[in-house]
Structure formats: C-alpha cells, structure tokens
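> Structure below; questions to follow.
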Amino acid sequence: MRTHYCGDLSAIEIEKSVTLFGWVDRRRDHGGVIFIDLRDRSGIVQIVSDPQRTPASYPIAETVRNEYVLKVTGTVSQRPTESLNPRIATGEIEIYATSIEILNGVTKQLPFVVSSSESESVREDVRLRYRYLDLRRERMSQNLQLRHQVVKEMRRFLEDEQHFIEVETPILTRSTPEGARDYLVPSRVNPGQWYALPQSPQLFKQLLMVSGMDRYYQIARCFRDEDLRADRQPEFTQLDMEMSFLSLPEILALNEALIAHIFKKVKNIDISLPLPRLTYAEAMDRYGIDRPDTRFGLELVNVAEIFADSGFKVFSGAIASGGTVKVLPIPNGNEAISNVRIKPGGDLFKEATDAGAKGIAYIRVREDYDFDTIGAIKDNLTEAQKQALIEKTGAKPGHLLLFGAGDTDTVNKSLSRLRLVLGEQLGLIDPEKINLLWVTDFPMFEYNAEEKRLEALHHPFTAPNPEDLEDLAQARALAYDMIFNGIEIGGGSLRIYQREVQEKVFATIGLSPEEAYNKFGFLLEAFEYGTPPHGGIAYGLDRLVMLLAGEESIRDVIAFPKTQQASCLLTSAPSTVAAKQLKELSVASTYKPPS
C-alpha cells in the first residue's frame, strides 16, 4: 500500500519506511551504486540501490529503464551534503530501497524524452499523438493540477461563501442557430429530428432562476462548430453562473471577489479591488478595442476635430465620409522606428494593412517641434493645427505619431494592432504584471451587412439599459466583460425577465412573432409565471488557466485537446462510421472525397 507521494516527502520522514509508486524519470549508475529518480504527479524523489547496503533491491535496479513503472519500499535518509539538490522539493533526502518491484516495463522506443532532466523540443502533433506520455511531463502535469486547483477554489468560494448550488443542465438540447454553428446529433427514436450540443447553458440557467434556485453555477461543457484559433476549441469548459435579485454593481462586486479569491489561493497574488471599469465607448476611443491591455500606455488619440477642414484629403475625406482620424503617439519613436518599417514592405505597414488599413501616415516631431513628414501632410498643415496636435497628443521632440484615417472600425483595428505589436517590441509590457478590468455598456446590437439586419452583440437575452428603451436599436446593453491583460476571460449581463421586452428584442433582430415563439416559446411562457430579476456571467476556464499557467495556447491546459482542424490525433476522431449506424439514424452522407 502506498504511504506517500514522491514529491511530498521531506526531512520529517527521515528513518521512516515508505512505499512509493511511480515512473522512472532517470536512472544513473555511479560506481556500482544505482540512483533512480522516481516520479509521480507530485514530483520526484531519488531512490538509491546499493549492493552493500540494500542487496535485495540491487538486481532489479540494474534492469530498470526510463518510464518503467515501479513499486519501491525503502527507508528515508538524509542526503550527503555534496548530494543536496535545491532544485527539487525532495532535494534533502533520498530513499534506500529495500525492495523494488517492476509493475510494467517499456517495450517500444519512446517517441520523445519524458524526463524533466532533459530538455527536448517536441513537435505539437507528436505530443498530441502520444498525449498520455506528454501528460507525464512536469510542465503538463503541473498545468492539469493548476486547473484542478482553480476549479476547487471556484467551488469553495461559490458554495461556502456565496450560497451557490451546482446544477447540471442538459447536453442534448434543441438547436437555436443564433451565432456560431451548432454541433447536431440525430435522434434515432425521432427520425428526421435533431438535438444540438449546447453552445452555453444560457436558457437553462435562466429557467433555473425562474425555478427559484436563486444562485446557480456549473462547470459546464460547451460546444461550437467554428473555425479554430490558438485560444479556441470545438469543445470547451466554462464556469457558468446565474444570480437572482442582485443589481449590476452587486454582481460585479461578487465576481471581483471570486477572481481575487482564485488568484490569492492558487497563485498567492493579491488583486486590488474594486477593479477599474471602462465603458465600451471609452475602451474603443482610447485603445481601439473592447478588450484593452492596460499594462502599458500608448493610448490612441482622436484628432478628427483638428483635421476636419484639412487640405490633406486623406484625413478630411475620411471625416467627411463619417469616419475618423486617430493618432498613436510613440515616445522616442523617432529613434526606435525607421521609415522602412512604416512604408510599403515594412513590418508595421503589413500589420496595419492586414487589419484593413490602406497604409500608415506619420509625423516625426523633431527638435524645436519641427514636423518631419510627407509633403502632402506638411504642405496642408496649418500652424494652428500643428499646435493643436501637439497639445492633444502631448507630443515632444523624439515622438513618432502614427495616423489611422478611414472608417472608424478599420482605424481602431489597425491602430490597436500596431499598439500591441509596438508595446511588445519596445519592451513596454511587463510580463509579470496583471491588469484586470471591466468593460461595460456595450451596444445592444450590431449591424450584419451580409444579412442586412441587426443582431445581438452578445446574445438576445441581454437586458437593454432602461434609459434606452425608446430607441432599442441604439440601446446600450447591461453587459460586462472581465479583461485580463487584454484577453477576455469572462462575460455576462443582466437578463431580460419581462416577456414584452424580450419580444421587442426578438423583433429588433428580425424574428417574427411566429419564429420567436417556435424557437423560444418555452422561455416566453416562463416569463409569465413570476420571473425574478437576474443576471449572470460565464468564465472561459481553459483561457483563465492558460493565463495563470503562463501558456500561449489553451491546448496546453486541456488534457485531450483537439487540433486547429478540430481533430484528435490520439484517437483519430472524427472518424467515419458504418453505413448500418447511419441507416439506424435515418441519415445519409452526401460527402464525396475529392478525386
């Protein structure tokens, strides 16, 4: 029977007999004495087999190799001074093995080195193909244990301190195609009908509030059939929450306390509360993005008023067309950034054009506040405009001013992209710094040019600001996103809980009363039976753990992730199925492989 985990042993156990289980991380033979680093998920401890002191274990120790699975019984001993290893938690001790039992060996060559004692760069596809080996590696094991700690602290805070209850909601539900594509599941017992896997438990958690559950949470599995990026998966996990009878400030305060609790318990980091707040309009104006990274400055400056009557038609034309002109002021940019990088062919030019811009205009502020720029700008810049630009941007000699001009969306995208790129390149971002904030007051709707209609920016169950009910199409939503160093980790809103308001929102996004009732009649009916005011939020667990672990991809904090092609290299999913299975489901495939 196991008495301890490998990484939990310390000098307190010296002279005690222990039994351990684990994998051989490394084996060394020093002058006839064999040293084995035994590894389990808790860490590593050194096993010693000495033919003089522990002769019974020695013949077995001679035969073991890396990744063999062992049972080891022995006595904890103090390491000699010259053998102390401060790099591991058990570096003061070693185990003299009285017994070693090989529980299983390795019969094939390892596809990569698992041991943390050797560094080897392994292609991600190989890691995913042999994920069970990859998860033995220290970094990956620690990531999964960190994920467990985060979930454990979420549960502790919500249940023990805030009176939440955990409720599971259905995985097989009906399709309500508003947003990303659903994963569909054919029903065998109802031929021709389909379930959908949930993109979120949104409607069910609202119905739980109607049911009087008051405060609900769930570690929810969600599914979206969409094109993947580094921070997306077709199946993902979120902390899903819903609360009745709380005002918007109360919901924000509760969630701030939750996040502060997680950071303190998991990383021993103190988060200052309350968190800063930006409205959507402020975030877009100052940063060009609704999830700003506020660890550094380089804020955008709107200079449309200065150039509305400019003779430089690129600027004045953009403003006359309903667009804008903004500046990204860069201190010491004259020295750090060459013209080659800004002009066609340069890396910054490419960043801007990839975001939709046609190019980058610039002004270099020289000594005595002389402006160095292209002739078309310089020739059309009045002294009053020059002075106004200096005052508004705070520019000083050495500043480089990068301009975006055009439709507001493109200007924001291009300059916010340049801001982030330059923040990294100029060393302005402290990787150890943590900036959390709320972004609030999002627009209720955005225009879908392809479908020529309004659609909900978040989802159509978000409550509009009561001040904006007279002009719902232009309404602000009672919505809020939590941002962690420029990445959204959670988002939520107060919900609509009155049938007439919900019907107005459905009508605004182009749903007829018949369509709305067909898709959401069960929710509309529930609103007739005493629905409490309520609101909620969902946190992307994968993304939050990724950030806490300092990883670049959520695939490194998920046990068995999919690739960016939504496939599992370990199990070869998705796969074809037998024609008999399809027939039972009344389904036929129309796919024909390319010739």
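Yeah, the Cβs are placed from backbone N, Cα and C, and that goes for glycine too.
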> In Swiss-Prot, Arg224, Asp225, Glu226, Gln233, Gly540, Leu541, Asp542, Arg543 are given as binding ATP, so which of Glu168, Glu282, Glu488, Glu584 is in that site too?
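Swiss-Prot names Glu488 for this ATP site.
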> Select from 10-13, 170-173, 202-205, 246-249 the stretch of residues annotated by Swiss-Prot as region 'Aspartate'.
202-205
> Leu541 (ATP binding site): which of the recorded positions His30, Arg224, His458, Arg495 is the nearest Cα neighbour?
Arg224
> Roughly how many Å separate the Cα of Arg543 (ATP binding site) from that of Arg495 (L-aspartate binding site), to the nearest whole number?
24
> Return the residues near Glu488 (ATP binding site), defined as same-chain residues 6+ apart in sequence whose C-beta is under 8 angstroms from its C-beta, sorted by sequence, else 'none'.
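Looking at Cβ-Cβ distances below 8 Å from Glu488 (ATP binding site), excluding near sequence neighbours, one finds Arg291, Asp481, Met482, Gly540, Arg543.
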> Compare all C-alpha positions of Arg224, Asp225, Glu226, Gln233, Glu488, Gly540, Leu541, Asp542, Arg543, the record's ATP binders, and send over the largest distance in angstrom.
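Among the residues the record ties to ATP, max Cα distance equals 20 Å.
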> Can you give the mean pLDDT for the region 'Aspartate' (202-205), rounded to a whole number?
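Here the mean pLDDT over the region 'Aspartate' (202-205) amounts to 97.
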> Which residue counts does DSSP yield for the region 'Aspartate' (202-205) in the helix, strand and coil classes, in that order?
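Counts, helix then strand then coil: 4 helix, 0 strand, 0 coil.
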> Around the Cβ of Arg224 (L-aspartate binding site), how many other Cβ atoms lie within 10 Å? Please give the count over every shown protein chain.
20
> Around the Cβ of Arg543 (ATP binding site), how many other Cβ atoms lie within 10 Å? Please give the count over every shown protein chain.
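Result for Arg543 (ATP binding site): 21 neighbouring Cβ atoms inside 10 Å.
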